[in-house]
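**Student:** Encoded as structure tokens, here's the structure I'll be asking about.
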Amino acid sequence: MSPYAVKLAFRHLLSHPGQSALLMSGVALGVGVFIFMSALIGGLATLLTLRTVGSIPHIVLEMPDRDPAVLAPQSGAQVVLQKDLSRRQQIAIWQPVVPIIEAEAGVTAVSPQIRGSAYVERGQALAPVGVIGVMPGKLSDIADIEGAIVDGSSNLPTDGILIGSRLAGDLGLRTGQVLRLTSERGRARSFRISGIFTLGVASADRQAVYMDFTTARALFDLPTGISRIEIKVEPATDAAAIAARLRRSTGLKTTAWTEDNSQLFEGLDAQARTGTIIKAFALITIVVGIASAMLLSIVRRQAEIGIMRAMGASKRLVVSIFVLEGTLIGFIGAVVGALVAWLVLLPLPPVSEVESGGLPIDQAQGDFLLAIALTTLAAALASILPARRAARIDPVEAIGS
Amino acid sequence: MSAEPILSVRDLTKVFGEGEAQAKVLKGIDLTMAPGEMAALLGPSGSGKSTLLTILGTLMRASGGRHEMLGVDLMQASDAERTAFRSRHLGFVFQFHHLLPDLTALENVMMPAAAAAGRESRAMRERAAELLDAVGLADRRDYRPGALSGGQRQRVAVARALINQPVLVLADEPTGNLDRQAADQVMQLIRSINQTLATSFLISTHDEHIAGQCPRRIELLDGRIVRS
Ligand SMILES: Nc1ncnc2c1ncn2[C@@H]1O[C@H](COP(=O)(O)OP(=O)(O)OP(=O)(O)O)[C@@H](O)[C@H]1O
Ligand SMILES: [Mg+2]
């Protein structure tokens, strides 16, 4: 790329400021679309992930299934496996495990829980519920129950429970009322409703019942063991890797949230692909725009090109001038577009604070540098064919015309 | 003509088209030019003047014959060699000035040198300024062609033809678009350059008044030289 080519390319762009500005704003618009789509698709993914992982455990640790081992798998004998149902599924020795989990990098909350099924009675109405016995102070470790209370308080005395607003609605329950609850072990007991929560997750709001850890022990006949340990990790996307490490260090069965949410990931994938297609079209528009503008410009400047060739300019010089000119249009347009997009996206709230109905646009995921790089590359490619055409112009014909 | 000729052409032919549509435009041109010679090329419209100048300028290849300049066989030379030869040894002035509209007068004069070198240099700038001085346009250096008169543009074009210190300048009706006064100015300029720099000129024209200012006269008729 000779300095003279650089000079002539700049000179032509500067000599036609209106035309150059128009072309560059076209490029800027395409780059704006590219960045906006990146920020939106990325923001949507962040928002959906946040919403999904917000109120669920990231990893659940349980006792592994105790399937009998097959001793002679190659013997040819028919083997019928029978699950060992003679003992309760429980983590019997759990106290030593908790510090091991807490020491694992990325783990932010650990909540040992007593879990069980039960039904609540009120008059003639029955409703199945899932009971969650949580340790004091760990009520909001997994889902933000304290923040979701819509009536009453989140205090859990030994005879208190917290129920979801849908269950309350179905059975016509209010804070302070007494409710009879029968566990899957056949034990029944009366509880007073301390508070009602709305998590926004239908199944939880209809079926989850929170109670004190020790109370739950009695209700489900678990004097020493626990049902499971739920944990939160940061970042949530590391759950699978942390789960694998915990499986090795604790010997427990671990389930990361990513395993149970493949639909979410398929959805995010489809979204990302849609975004990629739109971004590709934005780039194609830029390529077509620059290529046609360059072709027109070359036809208009035939005589000029012819005279330069007649005066000894090499084909290479002509190609460099036009490739450079197209690339400059792309680069300057891209930088301007990225700058404007950056300023426009700057005042938008972070995704975690987007109100429902608002677009979750994440400026940080705008891919500004990628947009500039790809656009510049696209512009350079778009100008190669027109530039080669310019170099093939026959000086004799061009000067004669 | 005792000196070694700079240009030597033998039995040069040019045929356009093929088959039925074939047109023989040059039918065997023999021509030599000595260093510092200044010749007018005359002939009726369609006689082949522009075609001959274009071939001599290496902008187009002849169909047959011999074409040598400064000892280089231009019939055998590759396109790249011809381009380099053209840039180094030949200058052009056309009927239409064909100045680059985005460049100033000074930059236009520098263009053939800068295009060959890939960059503009201080030496080029100084030489271009001298040439603009010589054509009487020292005060128009930074004007763009759009702001110059027709005669001024053609004088810039003459200066541009000289920037690479060519041996031969080919001028195709350089005054064809100018009025008598402007045409005389350009011819005066060419004559003084011819005398001071010993640059050879071959100038096609329809104008006897212009031809009268050239020491040598070459007449073309229907693709043949009838007087030289
Ligand atoms: N590219 C071409 N293809 C076919 N024929 C051509 C081509 N260029 C020139 N000719 C023909 O060659 C002949 C000579 O043309 P040329 O331009 O050399 O004439 P000229 O002497 O310069 O005429 P004028 O004085 O009008 O400029 C004309 O008959 C023209 O039609
Ligand atoms: Mg002609």
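Glycine residues also receive a Cβ, built from the backbone N, Cα and C atoms like all the rest.
Residues or ranges marked as domain 'MacB-like periplasmic core' by TrEMBL: A:20-248. TrEMBL lists A:280-395 with the feature domain 'ABC3 transporter permease C-terminal'. For A:21-48, A:277-296, A:317-348, A:368-387, the entry in TrEMBL reads transmembrane segment.
For each feature listed, report its degree of burial, its nearest neighbours and the pertinent distances within the displayed model.
**Tutor:** For the domain 'MacB-like periplasmic core' (A:20-248), the mean pLDDT of the prediction comes to 89.
Outside the transmembrane segment (A:21-48) by six or more residues, the chain places 264, 267-268, 271-272, 274-275, 278-279, 282-283, 285-286, 289-290, 293, 329-330, 332-334, 336-338, 340-342, 344-345, 351-352, 354, 359-368, 370-372, 374-375, 379 with a CB less than 8 A from a CB of the stretch.
Residues 23, 26-27, 30-31, 33-34, 37-38, 322, 325-326, 329-330, 374-375, 378-379, 381-383, 385-387, 389 of the same chain lie 6+ residues outside the transmembrane segment (A:277-296) yet bring a C-beta within less than 8 angstroms of a C-beta in it.
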**Student:** In the domain 'ABC3 transporter permease C-terminal' (A:280-395), how many residues does DSSP assign to helix, to strand and to coil?
**Tutor:** 92 helix, 0 strand, 24 coil
